[in-house]
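Right, one structure below, let's go through it.
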Amino acid sequence: MKLSSACAIALLAAQAAGASIKHRINGFTLTEHSDPAKRELLQKYVTWDDKSLFINGERIMIFSGEFHPFRLPVKELQLDIFQKVKALGFNCVSFYVDWALVEGEPGEYRADGIFDLEPFFDAASEAGIYLLARPGPYINAESSGGGFPGWLQRVNGTLRSSDKAYLDATDNYVSHVAATIAKYQITNGGPIILYQPENEYTSGCCGVEFPDPVYMQYVEDQARNAGVVIPLINNDASASGNNAPGTGKGAVDIYGHDSYPLGFDCANPTVWPSGDLPTNFRTLHLEQSPTTPYAIVEFQGGSYDPWGGPGFAACSELLNNEFERVSYKNDFSFQIAIMNLYMIFGGTNWGNLGYPNGYTSYDYGSAVTESRNITREKYSELKLLGNFAKVSPGYLTASPGNLTTSGYADTTDLTVTPLLGNSTGSFFVVRHSDYSSEESTSYKLRLPTSASSVTIPQLGGTLTLNGRDSKIHVTDYNVSGTNIIYSTAEVFTWKKFADGKVLVLYGGAGEHHELAISTKSNVTVIEGSESGISSKQTSSSVVVGWDVSTTRRIIQVGDLKILLLDRNSAYNYWVPQLATDGTSPGFSTPEKVASSIIVKAGYLVRTAYLKGSGLYLTADFNATTSVEVIGVPSTAKNLFINGDKTSHTVDKNGIWSATVDYNAPDISLPSLKDLDWKYVDTLPEIQSSYDDSLWPAADLKQTKNTLRSLTTPTSLYSSDYGFHTGYLLYRGHFTATGNESTFAIDTQGGSAFGSSVWLNGTYLGSWTGLYANSDYNATYNLPQLQAGKTYVITVVINNMGLEENWTVGEDLMKTPRGILNFLLAGRPSSAISWKLTGNLGGEDYEDKVRGPLNEGGLYAERQGFHQPEPPSQDWKSSSPLEGLSEAGIGFYSASFDLDLPKGWDVPLFLNIGNSTTPSPYRVQVYVNGYQYAKYISNIGPQTSFPVPEGILNYRGTNWLAVTLWALDSAGGKLESLELSYTTPVLTALGEVESVDQPKYKKRKGAY
């Protein structure tokens, strides 16, 4: 929307005077920014108008995917993800930082080793990926506490508010993390271009001022004071206009919001709920933030899945390639200019970092699987759209119109949204009016072009939109000076090379397509059959029609070669930027994009670069692959693939061809059931000889938790004593009168938690857990007690993670873990004195390498036996497949060697056999000291656990530790425990170094 010069001058004058001006244009109320300091940019590298960002003065669409470094703590594999994102045609990654992992101890910021952000930033630069930094302090993210460290449960103030106690608690973290981010801003040569100071600050309740401008301004000032000068962006959880530019104190520079239109019902993956496709986002944008580019900072790229859910394979089916085609192109109809998909790669909730509603996997059904595989069709579909956006700058300057069921298509079954360009090309987004329709619809189009308004197809036949599909038809599309009057086939990419231009078009199987080109040249089929191709020459253009074929055809029109592909064939094409100075592709500037070549190469092409007379490709292969390169510079004479000189041929069209042979290596994995397993009882607390004198006493008569008042004589909330993660153990001492008959206890551990209770060594019972239960009140019968005798009640609870804190004012993150209430029949509550423990040291946690959340409070964990080389030489020989014959908790340790071949990316999985026995049990598996699996036999769903290289030593010794908690008097055992792998990938990824894996060392003060 363009304002008149007079209007613009008046607005600028008002801004200079510090006034806010509101006016109405075409029915929309516009609020212009009232804060001149906001408009005076702090840097010159990242600017914007109402259409898009500019980076270094060049207009750019930000196409981004979400990726959290803390969910993949191996730095070389972080580069792998960045390169796979770059290969999509994307230019950006958004990331969270999990405060709970770097300030587990109040006042001690530890961001080294696997928590160091700088290697992540360096990898982004190497891959040529910009970054959107989202450090919180609140992140949500299906993480424990929403990223809040557990000690915030003791803060005497409302979280995410302007209460001083909360703001003071955030200062240390934000000052450190924002300073690191500032160091890597684009202004300092780094990859970070945007900063988000809060997260989904959208909902408030309970008498708290919301939205609170004082609070938002504070968190923005925290970033600015730490040196952040790049633009600030927000992500309103819905398009509500919170903190948009012009709203006063606390306003951000660029307004953004989130959208998850299909929801999270992975149990019904074929159901697209009626009316859930957004249609009003453009209207809302013009009302809320018309002077900034339209931004969706989180758009649905997958779904979470709860304990007992259908599994992430179902989520990837729900949010599949069809969803992408319909929903993402719908976003394009709103002229989205900053688009981030949540998630592009989910990763793993290792080491207790997840929230209570989710399990170990955070695969999210995203385009890149948890094991970093890219064989989901949705990855390939994204690549088509990402590369189209990369070469279609006219999209950003077009003017979006209203969707309509008339005027463009000849059927009301279809809806068309135009984006009309002024000499920069126009774009028409076509979908079914019922977005969930699975019908195939035949149609013709009437589109305005520079030549005339034309009905398409002109050469006969009809177009087809298949069910759950959408297309972007283009008119007056500029291919380096050649005008494509229209194309019904979709554009994958185009390039101008020294010897001519190349345009790559694709369509769905069985479709008919047509394009018209402004030219006086004839059409020549230079590759493939002429069958199914027709053309017609006019005085100023040529029209070409064709039926989509699985066999590639290439036509020549003047100096333009056009590749006609079917969609599945297009999936095999890549468009790497060609580096001429070094090996890094660089960021996606117009110059770098123009330098790209086109490669047909199957699984993955990472990079391309020139060195001397050599063209070097780095690529991955999962099958014998024919490689073709289009647009090879004339200076290149030799082809190198993954460093090896590769013989090639050159055809009449200048296409280089070579073959990469794939010979799968022999992969030999150890039989885990046959390892030399050692066993130690990890619940010695129920033995009569156990001494808990070193345990912390649960003797606080008041809690610092402001959410829930005490219902016990002393606090039994674990966070009051510094325990925020993993298993909790309580020991309650009392002297019997002989009249006690029952013991009732209300425990709380979060969704799907479990608990078990013993009286001395006598098992009383368990709560085995349900997804729907975050707490449970149980009553257990007691045996006849002897008057005057001392007894100990031992309670085991697993903390499934802390609640998130989405709605400001509810303070749900403070929901306590532990014992909420108890009743020993016939006795006052004060008759029992309690002790408790969690991880050794609590907030002063022992293992600074693996972080504050990785280990819980089981005896073996407190001792550090889960780390490599525990002192197991005198332990009993027993396997988790033998298990326990009664209720209790066992600990098992064993080692094995791997010798996997170099140069191969081999995804490995720990598989726990799905239980066929009725006895419920819970399992943790530690790999070289890192907890990488949590399994609940009676809830599920996860039974297969990816463990990345770097956590596993692929060429060396590895240590497994298993905790087995039997919650039934019959005991429990693993049905099976196996290592498996999926298709090895011949990879260009470099050597993967193992993360630091400290060995067992006797812990001072361990009890």
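The first residue you see is number 1, and the count goes up from there.
Glycine is treated like the rest: Cβ placed from N, Cα and C.
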Among Tyr328, Tyr364, Tyr379, Swiss-Prot assigns to the substrate site of Tyr96, Asn140, Ala141, Glu142, Asn199, Tyr260 just Tyr364
Other same-chain positions with a Cβ less than 8 Å from the region 'Disordered' (862-881) and lying at least 6 residues past its termini are 673, 675-680, 682, 837, 839-840, 846-847, 855, 890-893, 895, 923, 926, 928-929, 931, 957, 959, 961-964, 973-977, 997-1003, 1006-1007
For Glu200 (active site, proton donor), the number of neighbouring Cβ atoms whose distance to its own Cβ is within 10 Å equals 24
CA pair Cys266 (disulfide bond) / Glu298 (active site, nucleophile), Å rounded to integer, equals 19
Filtered by Cβ under 8 Å and at least 6 apart in sequence, the residues in the chain of Asn522 (N-linked glycosylation site) near it are Ser535, Gln537, Val542, Val557
Within 10 A of the CB of Cys266 (disulfide bond), the number of other CB atoms across every chain shown is 23
Rounded Cα distance in angstrom between Asn402 (N-linked glycosylation site) and Asn777 (N-linked glycosylation site) is 56
Ordered by sequence, the long-range same-chain Cβ contacts of Glu298 (active site, nucleophile) under 8 Å (at least 6 apart) are Glu66, Asn235, Asp258, Ser259, Tyr260, Asn340, Tyr342
Here the recorded positions are Glu200, Asn373, Asn739, Asn777, and the Cα closest to that of Asn760 (N-linked glycosylation site) is found at Asn739
Close in space but at least six residues away in sequence, with Cβ under 8 Å from that of Cys206 (disulfide bond), the same-chain residues are Gly809, Glu810
